[in-house]
Amino acid sequence: MSDSEDVALSELSSRNGIKKEDEEMPLAQLNGNGNAKLRKRKHSEKSKDDHKDKKRKKEKKLSKEKVNNKVKDELISAPVTPKKTPKISKTPVSATSSPAPKKEDSVETDEGYKWWEDENFGEGDERWQTLEHNGVLFPPPYEPLPSYVKLYYEGKPVDLPPLAEEVAGYFAAMIETDHAKNPVFQQNFFNDFLQVLKEGGGCNVDIKEFSKCDFSKMAAFFEKQREEKKSMSKAEKQRIKEEKEKLEEPFKTCLMDGRRENVGNFRVEPPGLFRGRGAHPKTGKFKRRVFPEDITLNLGEGAPIPPPPEGHQWGGIRHDKTVVWLAMWRENISDTFKYVKLAANSSIKGISDMKKFETARKLKDHIERIRADYQKMLKDQFMQNRQIATATYLIDIFALRAGGEKGEDEADTVGCCSLRYEHVTLKPPNKVIFDFLGKDSIRFYQEVEVDRQVFKNLRIFKKEPKGPGDDLFDRITPTILNKHLQNYMKGLTAKVFRTYNASKTMQDQMDLISNEGTVAEKVVKYNAANRTVAILCNHQRTVSKNHEQAVKRINDKIRELEWQKIRLKKMILDIDETEKKDNPKYFEELDDLTNDEMNVIVERVIERQKDQAEKKWNRDNEKRKMEKEELLTKADLQEKLDKIEETRKDYLEEIKTGVVRATKGSSVSSLKSKVETVENRIVNTSYQLKDKEDNSEVSLGTSKMNYIDPRLTVVFAKKFNVPIEKLFTKTLRDKFNWAIESTDENWRF
């Protein structure tokens, strides 16, 4: 999957979210007799759905929509063709392609279409019958730097060809980042920079060493651009946003079987320097610009072909109803295909998600037999069967990914089947230490107790002459393992265990939760259950640089609320001193904060109020300027700041005397009601703090989005009367609308 980090910082265009979907690639094929380890994955741009039961009963007529994807009339420099091109039948399309279709009012929108109530939806080989779309949105062409902004080599200014200048600019724009300080990143960048420089005809200086390059002038230019962007007025930002939305609008949706569906990633990735995750060997390499000639479109037969940018033509046109991508191209870094597909909230993606979770749910009917069988196979006389059983055990019990072989130019991440000698340490009688880099180069480190026979098998798998670098499971691959699992259940693969165990664990955790407490308390309980799943799946994350500041802000907020509560209770005593005699426990916390602590709180509150007043003054003036009204003066602002300063003096006087005068119109009952409100806020904020600290190193979102059946979250929301908005973000509510609409509180995984 493409990483949003790969967006070039020197581009002012928006981030792109192109995904690389593995389901478009065939399963790796075995060499020879099937026992040899697969050394290289074979890629293909085409894959077919496994469901072949029924065909759609009716073909819906497609209303035609006017294609409005006129691309800016800016010249695009000559394309750089990737090393390999897709082996597909190409239909060249010139810039004068078919006219755009007329838009009709009869187009059915996807909104409100409940595909999960259609028994035939998603069945059969063909995923759609009619498909129209407007192609893809290309990033803006490169804008050369001003003549005074140059790369320097040994103190001399360098006149670079346009493409070489562009590549140098990508490095300069991120020169202060950790990536740019990585020696591997620097070397890969410099190698590609020299190659691009050679392609462009060279320059006036003989550049040979990275250490002699001075990017400071370029870096300063990009920093100035960033500062200018930050200092834009609200009106300017709004104008840019509207222009961007207008440009993107034609590409956001497509027409599939007469319904308008959202497109998930309609932008072509901009060029830049590849970053990658973890210790990726290709970090820093130049990700080249993608041109129309590199792109193949998938459309319905007879559908109007979107016109390519002027002077270009599409690489090919396909009419493949068995796949759901709209466009594809080969990316030069990983030499794999990237696909433009429908959005997460589309009907096609929804049915895919539902089938995934239903497949995992069906596993509960087979899991006991599978476990009984692999326990027997652990002692099988054939070594391959022992390895299959041992791998299945590890995948089932410890939620390991299946894993596959990686090339030398890929990050050294592993899963169960690709574990090597050095990744497993054995401690008799039955303890195993796993230590390896998993997906996204996240370290998997666990010391666990395993079945005695599993321990014995692992010891056998590590026997001499094996040593560091040798495969532990040298008789199996994920393909062999999955073929074995297919005997138990249609669609069962190693990764289904992960979804099953994540959802089963969530169900078990939810069964332990009592329906008590406030909404905030229930959300914390839900997150604790989610965290158990995330830990099982090893969904870690690095503690953010801002974590300590975020925790401090929440702690400060709690202290401010405690101070507010003390002030309110002192107001009660100002009205009726006998309250303290009648209920001394209620007033015990009056001395919880020292005068020094309260002074610090007051200064913080006052500074925030002043800052808010200045920001509001600026916002109001922006609005008045747009509406051509008289602007507020500095005197107006100063008047507000003076009032805030008076409040500050009053607060400090309260701290000094210990007396807080009740506000006009206050009563004991109204003040007690306010105290209760503040106490509830303290409780809720404390839960927020606990959540923040508990989940600082655990990523809850990954398991919630990909592994926990969303219907479990819906059940929790309905059963415990928690608004679904507290558990699912807007994105997840859209993605899992099918679960929200079709699940009641009695559903079980």
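Cβ atoms here come from the backbone N, Cα and C positions, even for glycine.
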In Swiss-Prot, of the candidate ranges 257-262, 401-406, the one given as region 'Interaction with DNA' runs 401-406
With THR413 (site 'Interaction with DNA') as reference and a Cα-Cα limit of 10 Å, the qualifying recorded positions from HIS539, LYS557, TYR707 are none
Row TYR707 (active site, O-(3'-phospho-DNA)-tyrosine intermediate), column other C-beta within 10 angstroms, all chains, value 25
Lowest 10 Å Cβ neighbour count of the recorded sites THR413, ASN482 is held by ASN482
Should one count Cβ atoms within 10 Å of each candidate's Cβ, the recorded sites ARG277, LYS356, LYS439, HIS539, LYS557 would be headed by HIS539
The number of other Cβ atoms within 10 Å of the Cβ of TRP325 (site 'Interaction with DNA'), counted over all protein chains shown, is 23
Confidence over the domain 'Topo IB-type catalytic' (345-749), expressed as mean pLDDT on the 0 to 100 scale, is 91
Among TRP325, LYS356, LYS439, HIS539, TYR707, i.e. the recorded positions, the one with its Cα nearest that of ARG277 (site 'Interaction with DNA') is LYS439
